[in-house]
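Residues annotated as [4Fe-4S] cluster 1 binding site in Swiss-Prot, with sequence analysis given as evidence: Cys60, Cys63, Cys66, Cys109. Sequence annotations record features per position, and here Swiss-Prot assigns [4Fe-4S] cluster 2 binding site to Cys70, Cys99, Cys102, Cys105 based on sequence analysis. Residues or ranges marked as domain '4Fe-4S ferredoxin-type 1' by Swiss-Prot: 50-80. Sequence annotations record features per position, and here Swiss-Prot assigns domain '4Fe-4S ferredoxin-type 2' to 90-119 based on sequence analysis.
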Amino acid sequence: MTLKNIIIGFFTQIRSIFMIGANIFSKPETKLYPEEKVYLAPRYRGRIILTRNIDGQERCVACNLCAVVCPVDCISLQKSEKTDGRWYPKFFRINFSRCIFCGLCEEACPTAAIQLMPDFELSDFKRQDLVYEKKDLLISGPGKYPNYDFYNFSGVTLKGKKTGDLEIQARPIDVKDLLP
């Protein structure tokens with residue numbers, strides 16, 4: 001061992017002590033999760049929910065677009081029809097043990113019924129408990145888009161209402177008037 005190696009080793013130890021001393025009073029980087037909640041970005045994709053309209057009806061019209069676009073095939077539903085002609089899912093099931101939280105189902109939904117919320121606490125001991133039914137997913141409010149109503153904007157007529165009669169709905173466009 002040479003004198004040069006001893007001096008380098010000594011200054012390395014001194015430098016380490018100064019680095020520890022400089023950071024001893026700084027804020028710790030580690031979060032103690034259950035006690036301290038972590039910051040989630042506003043667009044964080046977490047748990048999937050189903051929302052309702054302002055009038056309390058389900059927004060989902062069972063169009064099956066969410067199930068088709070899902071890359072892991074974790075969404076299943078069956079369409080049924082009410083007496084007024086409105087479609088709704090007879091059952092709606094999401095298997096969260098397969099879901100990768102990609103958000104494609106939210107993008108594909110024309111009614112804004114499916115929304116991803118910033119909630120990631122979905123762990124469970126049994127895999128079958130991660131299969132959520134419609135009653136588990138349906139919330140009482142409109143979610144992120146409170147003023148959106150698919151039937152008011154889509155031009156789909158319900159029994160007892162004509163297309164274009166609602167306040168926020170535009171009259172149907174006659175395509176032949178647009179031609180030169």
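Glycine is no exception: its Cβ is also placed from the backbone N, Cα and C atoms.
Locations of recorded Swiss-Prot features on the structure.
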{"residue": "Cys60", "record": "[4Fe-4S] cluster 1 binding site", "contacts (Cβ under 8 Å, 6+ apart)": "Leu50, Leu77, Tyr88, Pro89, Phe92, Cys109, Thr111, Ala113, Ile114"}
{"residue": "Cys63", "record": "[4Fe-4S] cluster 1 binding site", "contacts (Cβ under 8 Å, 6+ apart)": "Lys79, Trp87, Pro110, Thr111"}
{"residue": "Cys66", "record": "[4Fe-4S] cluster 1 binding site", "contacts (Cβ under 8 Å, 6+ apart)": "Ile75, Leu77, Cys105, Ala108, Cys109, Ile114"}
{"residue": "Cys70", "record": "[4Fe-4S] cluster 2 binding site", "contacts (Cβ under 8 Å, 6+ apart)": "Leu104, Cys105"}
{"residue": "Cys99", "record": "[4Fe-4S] cluster 2 binding site", "contacts (Cβ under 8 Å, 6+ apart)": "Ile48, Val72, Cys74"}
{"residue": "Cys102", "record": "[4Fe-4S] cluster 2 binding site", "contacts (Cβ under 8 Å, 6+ apart)": "Arg45, Pro71"}
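Within 8 Å of the centroid defined by the CB atoms of Cys60, Cys63, Cys66, Cys109, the record's [4Fe-4S] cluster 1 site, lie the Cβ atoms of Val61, Ala62, Asn64, Leu65, Leu77, Cys105, Ala108, Pro110, Thr111, Ala113, Ile114, excluding the listed residues themselves. Listed in chain order, the extra residues whose Cβ falls within 8 Å of the Cβ center of the [4Fe-4S] cluster 2 site residues Cys70, Cys99, Cys102, Cys105 are Ile48, Cys66, Val69, Pro71, Val72, Cys74, Ile75, Ile100, Phe101, Gly103, Leu104. Counting neighbouring Cβ atoms within 10 Å of each of the binding-site residues (Cys105, Cys109), the lowest count belongs to Cys109. Cys109 ([4Fe-4S] cluster 1 binding site) falls outside any helix or strand according to DSSP and counts as coil.
Under the three-state DSSP scheme, Cys66 ([4Fe-4S] cluster 1 binding site) falls in the helix class. Summed and averaged per residue, pLDDT over the domain '4Fe-4S ferredoxin-type 2' (90-119) gives 93.
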